[in-house]
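Record features, source Swiss-Prot:
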TRANSMEM  12-33  transmembrane segment
TRANSMEM  81-100  transmembrane segment
TRANSMEM  111-129  transmembrane segment
TRANSMEM  140-162  transmembrane segment
TRANSMEM  165-185  transmembrane segment
TRANSMEM  201-221  transmembrane segment
TRANSMEM  223-240  transmembrane segment
TRANSMEM  256-276  transmembrane segment
TRANSMEM  297-317  transmembrane segment
TRANSMEM  324-344  transmembrane segment
TRANSMEM  346-365  transmembrane segment
TRANSMEM  432-451  transmembrane segment
Amino acid sequence: MNTSYSQSNLRHNQILIWLCILSFFSVLNEMVLNVSLPDIANDFNKPPASTNWVNTAFMLTFSIGTAVYGKLSDQLGIKRLLLFGIIINCFGSVIGFVGHSFFSLLIMARFIQGAGAAAFPALVMVVVARYIPKENRGKAFGLIGSIVAMGEGVGPAIGGMIAHYIHWSYLLLIPIITIITVPFLMKLLKKEVRIKGHFGSKGIILMSVGIVFFMLFTTSYSISFLIVSVLSFLIFVKHIRKVTDPFVDPGLGKNIPFMIGVLCGGIIFGTVAGFVSMVPYMMKDVHQLSTAEIGSVIIFPGTMSVIIFGYIGGILVDRRVPLYALNIGVTFLSVSFLTASFLLETTSWFMTIIIVFVLGGLSFTKTVISTIVSSSLKQQEAGAGMSLLNFTSLLSEGTGIAIVGGLLSIPLLDPRLLPMEVDQSTYLYSNLLLLFSGIIVISWLVTLNLYKHSQRDF
């Protein structure tokens, strides 16, 4: 009996180790290229509107793929989908590295990488729920969460070092390391019974077309892209109202508090993601820092602070003071952006402090948004609603990166708005930081109103 229990426990621990490796490299793949965006822009002589698609392409297929893999896990089985995701991710890495001299191939490779990497967060949680004993699941989820946070933290530092001392193209090879998990996971995971079900491919295609063309509009400002996007979304909404098992539950659209919470959360998450994508350009133009310095000195401390702030935010929410946590988070965000807009020209170390408070504020805000949104859902809506929140959060990050790239490439925000004598190189970035602060405050006011009018006990 004890031997059987020990073997089972060992198997569970082995599964958890390989899941942690997949989770780490999934996040790392998302983070490492961010600090190299200015270098990529210089290599291809492209504006930020085009260059930011290196990250936007990944986030686009990553967010959509996360939802798709979750839908398919019962129909095709976890083992098969994990293997598919790992192979696709590695295939994208090879294409990107071999074809890194061609911008179109690089973007295509990032689309492919995102489609593969999306399998990891979508399926890792399902594996934990199915294979790890109930009494150990909390520890397992906590460990994976810590590994993900560590990946987000060290990603910019690793990316900056490799890009500065070797070349940014080698960052594309990092996900290939995940191939080592294949034989172990295939051996450890059981053969599953496939459940027949309907998969709404038409709905996914319509939604994806709408999203892609909207992002193209945000970087090119072509009205034709916007028209295609709007038409695709209208057809998508009509489609999900007719089918029996839609990709997105149309009933959630009638839950106004939920939709407002998701929208405001998405705007805040997208704003911060856009800011983080802007930091490498800003530090190069204003302070002439190297890629290694931007990754390890400027961004790294902020990404690591997320672990601490996220833990504190969770404690505040558990003690039933989410409004207090929300106010702290929004204060950190808005004041940090506002302060940075006025003091951008000061020492580069100042931006390190700003990023610590920005990402710390985001940790507080994420925790509270999740609480508020979940509290606006009925019990039968919880699964679909929280999945939609997760999908929207990921998608908004890619959208924020695309929008900021577009704003960095047009002269709209070039004139000086602040009444200060500063170097002309700071005008654009100061204006954007001022805009970020305003967006955060408006989103906060709407969320605050939603919170106060909620009839549920948080």
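A Cβ is built for glycine as well, from the same backbone N, Cα and C atoms used for every other residue.
Counted as Cβ pairs under 8 Å, contacts with the transmembrane segment (256-276) are highest for 432-451 among 140-162, 324-344, 432-451. Two recorded stretches are said to be in contact when at least 3 C-beta pairs lie under 8 angstroms, sequence spacing 6 or more; the transmembrane segment (432-451) and the transmembrane segment (324-344) meet this definition. For the transmembrane segment (111-129), the list of distant contacts is 15-16, 19, 22-23, 25-26, 29-30, 57-70, 73, 78, 81-82, 84-93, 95-96, 137, 140-141, 144, 172, 175, 189: same-chain residues at least six beyond its ends, Cβ to Cβ under 8 Å.
For the transmembrane segment (81-100), the neighbouring stretch richest in Cβ pairs under 8 Å, chosen from 12-33, 140-162, 165-185, 324-344, 346-365, is 165-185.
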